[in-house]
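Let me begin by handing over the structure; questions about it come next.
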Amino acid sequence: MKIIARSPLCNVVLSGVGIISVPYALASGGWLTLILLFIVAAATFYTGLLIRRCMDVSPKIRTYPDIGEYAFGKKGKMMVSSFMYLELYVVATGFLILEGDNLSNLFPDMSFTIAGVTMCGQQGFVILVALVIFPSMLLTDLSKVSYVSATGILASVLIILSVFWVGAEDTGFRAKGRFFHLNGVPTGVSLYTFCYCAHPVFPTLYTSMKDKRQFSKVLLLCFVLCTISYAAMAVLGYLMFGENIKSQVTLNLPTDKLSSKVAIYTTLVTPIAKYALIATPIVNAIESSSGINHNNRSISILIRTLFLVNSVMVALAIPFFGYLMSLVGAFLSATASIIIPCLCYLKIMGTYRRWGYELVTVIGIILMGISVVVIDILVLQIS
């Protein structure tokens, strides 16, 4: 367990953001959809193993885009990079929305006037959080920030215990909820998929491991630990608030309770620390593709500033955390964490030429991923 607690893999998978949205996911589809959480976990664990097998083929494969390039050439690398960076961008934007929602919940009567324009608390807090994040965006060495962001397991356990504390001393666990709600299944599956969207960083973590033979065992234990945590939070939140659950369970917590404040403040700290870590790969890619010298500090600062400003504008335009995370899970996470690993594996290993159990399994997972993408996007458009 000591290895797991220190594992960067677990800290990446157990983001602390997905865990506050799983009660809403369960409420959307009903109790029966808890089974889908375990199905998504099993499928994404298997695709994690496929990524490892792809990397073992050649020492030249060190990153997720490298897998795409090895399988499908330059177009494959471009496709994988596009999905990876877009997913990171939307998740970073989701952090701002999450911060704005929770801060406005803590301080509901706050409003802001900026340059003569009055805005509601949620919008003002998004801008305020962006200003707090801005200095970390200018750092070239993010090692100190990474220590804070690498507390995913501790933060998630603390949030679960705090929510349980609220239920035990205040709200109780009396909500019955619905057994099954067909219309809410797509939203639930999308949010479940978002909880397991760490695949683009698996190659980097695998490369950094001293004993790569332990990757599969560590991956399995991390997924088991994370899935138990997600399931526990989903059940707790749904039993406490039933159909009244919000897109983030922290928004349902009574703000005058100490236990609630522990959960909310823990939720607030991690995204602030993680924002720069998530944004940096995108910024570096922009600088590299533009041929900008890393020593040109002024241009680098400008790019990082524009990135943050753009992210704030999107967060203000789409201030719906549940909707945005459903979109991430439906389109980006399902593609990057389910479909792409399977397609690359089939091409690299030549498995598509040999009919058998493995091919049937991989094709089944691909079809599941495509179904999540197509059905959920159609539902989001209709709604």
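Cβ atoms here come from the backbone N, Cα and C positions, even for glycine.
In case it's useful when we look at the structure, here is the feature table from TrEMBL:
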TRANSMEM  9-26  transmembrane segment
DOMAIN    15-375  domain 'Amino acid transporter transmembrane'
TRANSMEM  32-51  transmembrane segment
TRANSMEM  78-98  transmembrane segment
TRANSMEM  110-134  transmembrane segment
TRANSMEM  146-168  transmembrane segment
TRANSMEM  188-206  transmembrane segment
TRANSMEM  218-242  transmembrane segment
TRANSMEM  262-286  transmembrane segment
TRANSMEM  298-321  transmembrane segment
TRANSMEM  327-348  transmembrane segment
TRANSMEM  360-382  transmembrane segment
Taking 3+ C-beta pairs under 8 angstroms (sequence gap of 6 or more) as contact, is the transmembrane segment (78-98) in contact with the transmembrane segment (360-382)?
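Contact between the transmembrane segment (78-98) and the transmembrane segment (360-382): absent.
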Looking only at the recorded stretches 188-206, 262-286, 327-348, which one has the largest tally of CB-CB distances under 8 Å to the transmembrane segment (218-242)?
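When the Cβ pairs under 8 Å are tallied, 188-206 comes out ahead.
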For the transmembrane segment (110-134), which stretch among 32-51, 188-206, 262-286, 360-382 has the most Cβ pairs under 8 A?
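Looking only at 32-51, 188-206, 262-286, 360-382, the most contacts with the transmembrane segment (110-134) come from 262-286.
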Determine whether the transmembrane segment (32-51) and the transmembrane segment (360-382) share at least three Cβ pairs under 8 Å, counting only pairs 6 or more apart in sequence.
yes
Which bits of the chain, at least 6 residues beyond where the transmembrane segment (327-348) starts or stops, bring a Cβ under 8 A of a Cβ in it?
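Cβ under 8 Å, 6 or more out: 43-44, 47-48, 50-51, 53-54, 57, 67-68, 70-72, 76, 79-80, 83-84, 86-87, 90-91, 94, 186, 189-200, 359, 362-363, 365-366, 368-370, 372-373, 376-377, 380.
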